[in-house]
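Taking it in order: structure first as structure tokens, then the write-up.
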Amino acid sequence: MRLKDPFSLKTADMTKRSNKPKKPRDEDSSDEVGGLTCQHVSRAVDLSSVKKAVTGSLWSVCSDCLKERNVLEGETAGAHDILVCLKCGFQGCNQAEVQHSTKHQQAHHSDSHCITISLTTWKAWCFECKEELSTHCNKKALAQTLDFLQKQSAKATSGTSSKLIKLREEPAEYVDTQRGKSPVNSTLIPVKGINNLGNTCFFNAVMQNLSQTHMLNDLIQDVKEKGHKMKISPSTETNLGSLTVTLPSPEPLTSAMFLFLQSMKESGKGPVSPKILFNQLCQKAPRFKGYQQQDSQELLHYLLDSMRVEETKRIKAGILKAFNNPTEKTADEETKRQVKAYGKEGVKLNFVDRIFVGELTSTIMCEECEHISTVKEAFIDISLPIIEERISKPTNPARLGKSGREQDSLTSHDDSLAAHSQANRNSRRLSGQKLQSRHSSTSHDDRGPDTVSSRQEEDLCVAGRGLSSYRTDTMGSQSDCSEKESNLQDSSNDADSEASESEWSPRIPSVSSHSSTSDKTSITTTLSTTTHNPSLKSNPSSTPLPSIRPQQGGAVEQLVSAVSKLGLVHTSTDTLPISHSQEELSETRDRDRQHHQGAFQVLCHSYTPSSKECSVQSCLHQFTSIELLMGNNKLLCENCTDRRQRQMKRSDKKAEKVYTSARKQMLISALPPVVTLHLKRFHQAGMNLRKVNRHVDFPLLLDLAPFCSATCKNLGSGERVLYSLYGIVEHSGSMRGGHYAAYVKVRTPQRKPEQRRNQSGSREACSAPQGQWVYVSDTTVQTVPESRVLNSQAYLLFYEELL
């Protein structure tokens, strides 16, 4: 039997249905009137599913073409038609070459996906009946769905340009297969304006900086198509060889990012529309729907982390395919071991981790037993509080307890130091309150200075895991100054909703700095990172600080004293020995002293900020300086608690938890090729939301060595670690209404990604690369002098590694 082509109606078919002759009845159909009603309508039409799918996706764009990167942004729409599946809302094209709509119906043949509506002719077609359907049949659902789609079309086309996308016919015109070359005749990436979709300046400013991130443009080429080969080399201790896996097609958000970056590099006039990318992001993070006021740093987190999740899923799928997709039931123990080993290394190869993700190490040392705990966590940016000069109000001593009076006397010796300590206390992400040695730890008395526990290895393996789940501290959001002002209550509610939405996926935390949720106060004293004496003696030029631990020698001697005071005659064999020769005690103290000094040692000389300095370096100095955990903010030391319990083993009473004074420091232990610094200008002060407008100086060339651990990966002691500024996100205005803009540096790419860190000894002679700074505010693009850049009110700073 000859099948009629969908929607290929003769002239007679365009007349009224009353005058239209009946079509030949399909012998397999039970319809009473051919072409008018269909028995599949009741099972193949689901209005609620269509509404959910259509409102959450880009209108009139083939989903499969978008996934396969067969579309480009900013171009006139092609002549092909889009058919909407009335079962699930899938939008597919009817091109002769691909027929995505037909393939969708065939893929879901068992579940009725056979009825579609054309977004061009508004005609319904049943693939099972192979006939056009009447939208006025005895089923109301079909007519209601058509009405919804027509209203949705009116909404989508009323405020948007017809120049959205077009099919890509010649990929070779803009994709250069040679790494390191630009698709145009120059190696410089041009700067184009980006259309504001409605309160999306926060998005546009970030995308301008990402489009000028050369390494991102290079590495994303690897995910542009299905079948990319990836070589995974596990650690030598696994006794496994390298494995080459074939990756499946990239996920929608990563595909949309690739298309956007390509459109930004295309030569041509006019701004670029980010609609495809923005809509895909809204699918991952619904909080950005509705075109409300938002925050650039939050946007950057959601965007990078969502792409990272997609790429991790893609890499895992490639590894499982290499092992013939084993399951928990079918795989043997050896296969499980190999899959786990390759997966552990493979997930680290996603392009987000390779470009933006670094590592920080938080070191905490108990002042009583000198047990050292370390916590390593990944970051995609470092949030730095801006130091504000404030006049501290006098505190009534009568309202303080004993510990409060001790703390007050400690801080009264130096007002300036106390003010800085207050800022330092607010800058810490980790509270000393009830910090336990559940953290991955190294202990001089148990494992030796170089032994790392298995818990630490787990922390390093599980990317995106830190001490807590991701949480952003930015309260409220900002938008264009031409937009309507939002009240403080709305901003507060927006921040509250963010906390619940942040659980949508495992997330790499930013190294955010916020105050402890406890109402207890900790006294934090900023010390030079070159001071390593466990007694924490202060600089002789300053007023001496009272000791925070008894000067009775080492930990063993303190334990001897404690045992003698308790009057315990018998000790169990698992307690530390209390009798040593003087030589053994001396050797132990020397070894411990060296280990403790190394734990708090930086890569090179520490940075010393000048008086009243407010710069990126002074903020980093504050972030990485040593602080004391004491008073009501002491450390809950499990090591001391265990020792107390062993000493009281013969007693029926359970030893109380031991809280001790401690030292804590956060240092960078692994640097990514691109370091993003977030200046915390927005925060909550009491019941109010406020913005810090103080200018922060930032260098064009930043040396991060003073803020890196001495054990920082791939770096030698005493080296300079230079990073060059290439992008800024600026916020102007207030909390109620403001505007985001970008400054980007157009420059020649330094080198290919595989050449990074392969050279050494050339850091001293490095200088910032030459280039032209460009100011971009949505569609406004203009070149600016360097002086204007340095005077901007920076919110996000993008630095790239220099060799």
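Yeah, the Cβs are placed from backbone N, Cα and C, and that goes for glycine too.
The model shown is predicted, which means the values in this text are computed figures rather than measured ones.
As recorded in Swiss-Prot, the features of this protein are as follows:
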- 1-34: region 'Disordered' (REGION)
- 36-153: zinc finger (ZN_FING)
- C38, H40, C126, C129: Zn(2+) 1 binding site (BINDING)
- C62, C65, C93, H100: Zn(2+) 2 binding site (BINDING)
- C85, C88, H104, H113: Zn(2+) 3 binding site (BINDING)
- 394-554: region 'Disordered' (REGION)
- H739: active site, proton acceptor (ACT_SITE)
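Taking the features listed in Swiss-Prot, we show where each one sits on the structure.
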residue: H40; record: Zn(2+) 1 binding site; contacts (Cβ under 8 Å, 6+ apart): S112, C114, I115, C126, E128, C129
residue: C85; record: Zn(2+) 3 binding site; contacts (Cβ under 8 Å, 6+ apart): V50, Q91, G92, S101, H104, Q105, H113, I115, T116
residue: C88; record: Zn(2+) 3 binding site; contacts (Cβ under 8 Å, 6+ apart): D46, S49, V50, A53, H108, H113
residue: H100; record: Zn(2+) 2 binding site; contacts (Cβ under 8 Å, 6+ apart): C62, S63, D64, C65, G92, C93, N94
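Fewest Cβ neighbours within 10 Å among the recorded positions H104, H113, H739: this applies to H739.
DSSP assigns H100 (Zn(2+) 2 binding site) to a helical segment in the three-state reduction.
Model confidence over the zinc finger (36-153) is summarised by a mean pLDDT of 77. Other Cβ atoms within 10 Å of the Cβ of C129 (Zn(2+) 1 binding site) number 21 in total over all chains. Between the CA atoms of H739 (active site, proton acceptor) and C38 (Zn(2+) 1 binding site) there is a gap of 54 Å, rounded to the nearest whole number. Summary: among the binding-site residues (C38, C126), the fewest other C-beta atoms within 10 A of the C-beta are counted at C126. Ranking the binding-site residues C62, C65, C93 by how many other Cβ atoms lie within 10 angstroms of each Cβ puts C65 at the bottom.
For the recorded Zn(2+) 3 site, residues C85, C88, H104, H113 set the reference point as the centre of their Cβ atoms, and the other residues of that chain within 8 Å of it by Cβ are L86, K87, G89, F90, G92, Q105, H108, T116. The DSSP secondary structure for C126 (Zn(2+) 1 binding site) is strand. In the three-state DSSP assignment, the secondary structure recorded for C88 (Zn(2+) 3 binding site) is coil.
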